[in-house]
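Have a look at the structure below before the remarks.
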Amino acid sequence: PTLAGQAVKLSPNAPEIQGNAKFTMRKTASKSVSSGSPWYGPDRVKYLGPFSGEPPSYLTGEFPGDYGWDTAGLSADPETFAKNRELEVIHSRWAMLGALGCVFPELLSRNGVKFGEAVWFKAGSQIFSEGGLDYLGNPSLVHAQSILAIWACQVVLMGAVEGYRIAGGPLGEVTDPIYPGGSFDPLGLADDPEAFAELKVKELKNGRLAMFSMFGFFVQAIVTGKGPLENLADHLADPVNNNAWAYATNFVPGK
């Protein structure tokens, strides 16, 4: 049989495979979502509230996180839009994990938990120290002292997870690569379509904030050489002399 010129619908939230072998993402906001939701539909919340202009025709409010703003026209092409949506969700999830990983060890260290190095951008260099990395004093993690071993584990484990996500599982069953469900949803958070639609919005809102936070952490590391919590403590102790403007006017790269 041939699929030429036809679109095969695989699952309610899965991509459509078209005859030209290109993928287009179907909307993930279920039709059963209440029309009263403030995050979906033509009457959804806009980026400037009541002062927002008319959104582009291709931003109809069917996807989570659509506030009707696309000055650069990045979402005008459906295929590019589908790809960017997937990239945003994946980067949001990594950013949320990364932001937690940057702050939590430093928080524990400031409360008496001993680390070899708690500041996120300095921790990796400890592998070159005489004692190597200190995983909370656990001697069973000796293999994590090897850069090659760490690299190999990252390639194998992350490659397997990404391959599983994109291919739809080890048996090749088709799932939504952004919201795979099934064994990835052991708590059944997606069972209620309306609750699931709201969770998608919350995930993107928190993910976008986390991406900005990670950008701020990188800038802080370059400019101050300190972790985020230490920078926060310095600012609270002396907000006049420890703020973005003060550092921007005195910052000399490389010094």
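From the backbone N, Cα and C atoms, a Cβ is placed for every residue, glycine too.
Cross-referencing E54, E88, E194 with the chlorophyll a 1 binding residues that Swiss-Prot gives (W69, S75, R208) picks out E88.
The two recorded residues, S75 (chlorophyll a 1 binding site) and Q154 (chlorophyll b 4 binding site), have Cα atoms 32 Å apart. Spanning the listed chlorophyll a 1 site, residues W69, S75, E88, R208 have a farthest Cα to Cα distance of 17 Å.
Closest to Q220 (chlorophyll a 5 binding site) by Cα-Cα distance, out of the binding-site residues Y47, W69, R93, E162, is R93.
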